[in-house]
C-alpha cells in the first residue's frame, strides 16, 4: 500500500462520439486493476442533468437507481464501482448539476457570496472542484467519471472544472482518460478512426489534452491503427488502448490489463505499486464462461423489462448467485402487463420466478399472477420490495379469502389494506429523497430459511420504499402458514417473509445492492440453488401441462 500522507492523484474519465460506451464499467475496471496493485481507490460520478438525484427519474430514461448505505439515490455506475472494488459508495460519490447548483444557491442565500456576482466560473466550477477533493477521502487515487458525451452543453462546467484541476494539483497528479468509439464498417470491411479524431478535437478545444485513449471496438486494433490514432490525437502511441467488447463485464479488467493500461497509469502518475494480483478475476471469469452445472432460467416478472438497465444490480446479483453455484443464470424478462391478458405460458419455461421492486399500479395484477403461479406450482420464488408486497396481497386474496385485499398505494378504498403507508411517511408530500432510504437492521428468526441462508441473527440491508406490511393482519397470515422471518428490531416492521415447504422468500429491502462477484449475496445464492434443484427435479419428470389461471378482480 502506498504510504499515507502522499497527495491523492486524480484520473478523469470522459467519453465521446456516442453515449453508453461503457465509461462506468471502464472506470470500475481501472479501479479494480489499481486496487489489485495495492492502491487505495475511490470513485466519483459527475452527472450533467439538472435533477438533484435520479430518484424521481423514470427507469426507462435513466435505468436503475442505486441506493447507498447512507440513503443516497445515485447513478447505477456506483453499483459497478462497489461490485468491482472494495470502495464503499456514499452520497459524496455522486453529484449532479442540480445538486451543485443547489449548493451554490444555498450559499448565496446565506450571504456567503455577499457583494459578488455568482457565476458559472468561478463559483460553479469551484464547487465542482470542492466536491472532487471531498470525494477523494484520502485515497491514493480518485477516479472521476464525467457523465454524458464531450460536446454536450450540459457537461461544460464539469469539463472546465477538471481542466483546472490539473493546474491545481500538478501534472503528475492528474491524468485524463478519454473513452471513444472505433467502429467497424462492414460494407467497407475496415475500422474507422475519424469519430475518435473528432471527439478528441472537441475535447482539446475545451482545453483538455487526453493522456490516454480507450478505443471501444468489437475487435483488436492493429498497431498501425493505434499509431494513426496517436498521430492525429496528439497522444503517445503507447497510450492508445483497445477497449474490447467481451462476453462478460467481469472480463473487462483482464482485457484492459492485457493491453497494459494499469502499467501505463502507474507510469503517468509516477507511482510505485506492486504487480496486480488478478487470480480472483480469472477464477470468476472462468466460472461465468464455463459453468460446471449448466444453465438455469430465472424469470423476472416486471414492467420495466424493455430496458434491462432498470434492473442492473438485480441482474448482476443473479449472475453472482450463479457463480456461487457454478451455474450460468439465463434471465427471462417477463412483462407483467402481458400476464394480465391471461397467458402464463412464459412462467412454465423458467426454473424460478423473481418479482423485483417497482412503483405504481400498472402491471401489479400481472405480478400477483406470477406470485400465485409460483406458490401453486411450487416454483422457487423471490420477491424484492414490491415483490414482497405482491406476495402478501396474493396470499391475502387467494389463501386468507380477503376479497379485494390490496395496498393503499394502489387502492385507498381497499377493504383489506394488507400493505399500508409507513407511519413516518404520512404527511410527506415531496417525492425526491423522502422514502425510507439506506441501510437498516433486520433480526432473523431462528429456524427459518432466511436465518439459515444468512448464517447470522442480525443483518443490515438497504431500503427504498414508502409502504410496508400491515401488522394488523399479522396473526391471520401466521395462522395461514406465512412465516415472518425478518423484522426490524427498532420499529417491528416486517422485513422478510417465507412459506414453509418450498423456496418462497420475500424481503422488503434490496439485497442486490450488496452483492459482489467475489461475495455473492446469500439470498441470491440460495435462490439460484433452489432454481437448480427445481430444474433437476423437473427434468426427472414428464413435462406438466401449462395451466392458465383465470384473471379476475382477486388475481
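Heads up, the Cβ atoms here are built off N, Cα and C, so glycines get one too.
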Checklist entry - Where Swiss-Prot shows 19, 192, 193, 194, 195, 196, 197 binding UTP, which of 45, 129, 226, 228 is named for the same site? => result 228
Checklist outcome for this item: Among 342, 358, 501, Swiss-Prot assigns to the L-glutamine site of 386, 387, 388, 389, 409, 466 just 358
Checklist outcome for this item: In Swiss-Prot, ATP binding by 20, 21, 22, 23, 24, 25 extends, among 77, 126, 140, to 77
Checklist entry - For residue 77 (ATP binding site) and residue 388 (L-glutamine binding site), what Cα-Cα distance in Å is obtained after rounding to a whole number? => result 26
Item to check | C-beta crowding around residue 389 (L-glutamine binding site), within 10 angstroms | outcome: 30
Item to check | Nearest of the recorded positions (24, 25, 385, 512) to residue 358 (L-glutamine binding site), judged by Cα-Cα distance | outcome: 385
Item to check | Rounded to the nearest Å - Cα separation of residue 388 (L-glutamine binding site) and residue 512 (active site) | outcome: 15
Item to check | 8 Å Cβ shell about 20, 21, 22, 23, 24, 25, 77 centroid, ATP site members excluded | outcome: 15, 26, 27, 80, 145, 179
Checklist outcome for this item: Looking only at the recorded positions 389, 466, 510, residue 24 (ATP binding site) has its closest CA neighbour at 510
Next on the checklist: For a quick check of understanding: given the listed L-glutamine-binding residues 358, 386, 387, 388, 389, 409, 466, what is the maximum Cα-Cα distance in angstrom, as an integer?
Outcome noted: 14
